[in-house]
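To start, the structure itself, in structure tokens.
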């Protein structure tokens, strides 16, 4: 059955020996009447509709014509490929079977034919000679191939003399067995990807209406590793090996028809539709052999391999059979053209030499490839200091030298210095930042002489090997000579420093470590598509321009004006100040007229990509532009400029109420869960742990700053197991579309949503657990920061200076270049000024009139007592640090950091700076040194200029700190967020009246027990026993620490003391602490409910509350996942109903008392509150 047969191919079972017959390989049916998919391709502004065709045959089964009946049986496998021949049984072995025998046969056949023809014999005699010599040649060639097979088997058996190269037969055996199974799938993927790329390729000429792979198979013989050698004398983190790879066709000369269908050679048929005809080109019997050297640079973190260098030790040996018009009778073998194969080899050597042949290699950065962003591996800083002894060119008309430098990578100029006028010894002291794709491409530095009218002249070049930067990222005072005609013509002094791109690291548990929030890095901006451009115009073509900080950096190609355009144009850039980078997209027609535009801060573009909102609306509603922006932080050393704080638009309050039905990864017990709130993947706040529960109730609010309404905010739940290890329990993305609103003045407004929201936690193992939360948004008052105010003053000064310069210039004498420079400068200043035009300028005294606001903290430097420490910043009653530095490798802090926190009451707020050994240490754990300072004093002393803070403890440290203060538009904040929510509560049990008498004498021996949130089986306060009375008087007091007054409650149990039996309850009540006045003493007359629901009398209590910030965390015990204390926990939301059988409850109204009819507190009372419905008191 030939490949061109119209018979349908069905899924078949592989017939290769050793393959499980149950394994099926999907074969694609031949589809003749399928409707081709049309792909629209834009070429030079012209739209081409190119058909995407389906292949006819894919995989070895379809191409080889394999059917069910062709499956090889055990008898077929035993058939000898060297079948006996008639002459082989008659002639002695010495008369046939070698190469010279075949030559002799051809000579004898030629001589015999000549003699018969010379003596006028008929053609029949020649046919007898042909038959005889043909049989003899066939017998000899079969014997010769048999001897070659025996020799190959002998080579595999005999031990090699040298042992440098090793065989990898185990891998080759594995491939031999499984290649027939996977080859159809591999071929199908290659065909699908190739046909899609061919249908969309703009480089294909227009007259080719369709081009596709019609048949494709790699054959049943897999690629093979012939030899491998590993070098021993390398560094411990470097592996170098030489590998010989080969791919050879299978010899099918001695196989019968059934065996041929099970052993298929590689075959590729490419078809092109030209002028209505399908023209095929076939490539078969592909062979190659290549010696490759691999160099693996290892690292300690996943994926364990940092870079792979690939180098071809020689030009690969390649051979194939290529026929124009395929296998038809009119086919023509392309390689039959004399000299074509040699030309191919020469061209391969020419283009492979500067890329893959020694000493060059192709470097693959594995973390970069896994990130799928296509960003460079890092930033190279070239600090050009000076040059001296530059020798000008002989015979130059200019007598002076105006040198400047260019920096070139891969034949492309990537940076330039300024022109230094009239000096052979220039001093630049200039830093150039360039993007680096790999270390293998050398850096070319050329010095040019600037000429006004003529083209600039090259004076010399330097080629620097960047591989030195891999081991040592910093090279100082490099001195190299410029060469011209291989002679030195000057010396250059410069510094090189490499800053690697920071990629997310994969932890051993599979989670990704979030990227640090840095102000410097690398960005890739891709202008993808334009849609909605319906405006009719006689201008047929459209293009887009990208301006970054008012500088034109990229122009897309011109495309034909349609409703949907595609560009996919990329722009890469080093960003030294992300928060101030402004991008402007301008849409123009072919005449240069502006159609529409859009201005977007870089931060907004990054946020849009993060939340998959890449379509940007253009001005005046003229379409939408799709822009994808990738960002990777790079720790570029820019001094104080590298630390920048971005002004937020407001604070998002996330009140995390509770979680239910959490996953439990702890096999020894229950986890202790907590929740984090993250912005763009960076954690900004967290709750406290709740001990050993799968249904935690937190009732904690977390404020996070948002710099744009497009940022992704998520809640992540974690759990601490018995061993103290953290487990990710899942996360949910908060929907913030309806939270950010603006008024008529284009200012954000307050948003408070009292309705609970519930979301499912999505983890690696699926959906498990829910979280209930509330959202509010408090916008920041638009005021200029200190840095922005200075920049506005500078802009105004430059504007005035530019206006004066324009007034002194004459329009007739001014050059075109000068006009263009002034125009660009005006545009740049206007664009910068527009960024701050809506903000007010307030001095410090005016800012401090606002009691609530966002405190931005920037640590610029400092000295620590020892290396390997962390600096934490705590605020108010937060038990966990709001800002934590990275681990400081040395004592001196050279790279600063910044963060912020929502200050609710500036007059009471306290800030704590602390130095610890543990990154996640809470406020109750050990520290090395710290300083506590009122936040208002911190603002007063560190607002206008940085100040030094001295930290004292076991050792001492110093921090250089500067802060900023941004007021928040909030007339009233929730009570649970104020200082009155925590403090010391003094409880006085005064007396009781009309208690239930349970003794025989009609009296009782009463005493009172107090529980906080019912989290403990033992009371925290118990009064003395009053004998034989129904109206006892105690006047006993107890002071406790309360961390969540609004959401905590007291459970009161009045009992009768029994000396012989167990004590009996004679009355219960629940008192929410939110009903207590935090500013004055509160006296309650609390009705008690008896055991049977009857009136149990009245209890007289007095509460005195002293607000202060408390530590609401406990120290974690070493080596245990539990905590020393389990008494800390919040309860129900005040304001919700507390049901208790026979129990009275104090409601939310101050001084009012209510009764409830039924509940869960009778004999079936639960000792936990995990199942109670919890709501928030605001």
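Just so you know, glycine gets a Cβ as well, placed from its N, Cα and C.
As annotated by Swiss-Prot, coiled coil applies to 784-821, with the evidence given as sequence analysis. Over the coiled coil (784-821), the average per-residue pLDDT in this prediction is 83.
Here Swiss-Prot flags 1-17 as compositional bias 'Polar residues'.
Among the features that Swiss-Prot reports, domain 'SMP-LTD' is placed at 164-367.
In the domain 'C2 1' (358-481), helix, strand and coil residues by DSSP number 10 helix, 60 strand, 54 coil. Annotated domain 'C2 1' per Swiss-Prot: 358-481, in sequence order.
Per Swiss-Prot, the feature domain 'C2 2' maps to 504-628.
Each residue in the domain 'C2 3' (632-749) gets a DSSP state, and the totals come to 4 helix, 55 strand, 59 coil. What Swiss-Prot lists as domain 'C2 3' is 632-749, and the listing cites sequence analysis.
Marked as domain 'C2 4' by Swiss-Prot: 962-1086.
For residue 991 (phosphoserine), the same-chain residues that are 6 or more apart in sequence and have a Cβ closer than 8 Å to its Cβ are 1031, 1032, 1033, 1034, 1035, 1100. Marked as phosphoserine by Swiss-Prot on the basis of similarity to another entry: 991.
What Swiss-Prot records for 1-27 is region 'Disordered'.
Look at Swiss-Prot and you will find 1-98 (among others) tagged as topological domain 'Cytoplasmic', backed by similarity to another entry.
What Swiss-Prot records for 142-1178 (among others) is topological domain 'Cytoplasmic'.
Residues annotated as transmembrane segment in Swiss-Prot, with sequence analysis given as evidence: 99-119 (among others). Outside the transmembrane segment (99-119) by six or more residues, the chain places 125-126, 129-130, 133, 136-137, 140-141, 144 with a CB less than 8 A from a CB of the stretch.
Marked as transmembrane segment by Swiss-Prot on the basis of sequence analysis: 121-141 (among others).
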### Task
Give the one range among 164-367, 504-628, 632-749 whose Cβ atoms make the most pairs under 8 Å with those of the domain 'C2 4' (962-1086).
632-749
### Task
Using DSSP, tally how many residues of the domain 'C2 4' (962-1086) sit in helix, strand and coil.
9 helix, 61 strand, 55 coil
## Note on the structure
Secondary structure of the domain 'C2 2' (504-628) by DSSP, residue by residue, totals 15 helix, 64 strand, 46 coil
